[in-house]
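Over in TrEMBL, the protein carries these features:
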DOMAIN    1-152  domain 'G-protein coupled receptors family 1 profile'
TRANSMEM  24-53  transmembrane segment
TRANSMEM  73-91  transmembrane segment
TRANSMEM  130-151  transmembrane segment
Amino acid sequence: FVDICFTSTTIPKMLVNIQTQSKVITYTGCISQICFSTLFAGWDNFLLAMMAYDRFVAICHPLHYTVIMNPRLCGLLVLVSWIMSVLHSVLQTSMVLQLSFCTEVEIPHFFCELHQMIQLACSDTFLNNLVMYVSAVLLAGGPLAGIFYSYS
């Protein structure tokens, strides 16, 4: 479900661009793409980490698996991953909404990236860059370290 939703944030705009032979995305379209792509990418990242933990428990503690990975814990893990993803998406989107742009900005792609929007801004982007890089380290590095640990 999450993978389908993540793909659905960009594919419709790409199909419209192919049909109309236009490579322009509006500001509102860009903001909504940033919001949803950040939400679903983060959620997918957390879910992959949860699956790695599930596999770790199944391999390292097979006799205690049903006690450790009970339905309540599984539901809690999914809920926490969803909440973290929503908070991250709202934070990044609200940070981009506070930026000001000098001229009318047109992005010649069907996909609008967070970093690209920050680069096009005329206002001070230090805080945006700081939040973007710190959240990338924490929200991608944490689950990635858990995945690597489970495989080792």
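Positions of Cβ are set from backbone N, Cα and C atoms, glycine also.
Small disclaimer: the values here were computed from a predicted structure and weren't measured.
Same-chain residues lying 6+ beyond the ends of the transmembrane segment (24-53) with a Cβ under 8 Å from its Cβ atoms: 2-3, 5-6, 9-10, 13, 17, 77-78, 80-82, 84-86, 88-90, 92-93, 96-97, 105-114, 117, 139-140, 142-144, 146-147, 150-151.
Mean pLDDT of the predicted structure over the domain 'G-protein coupled receptors family 1 profile' (1-152): 87.
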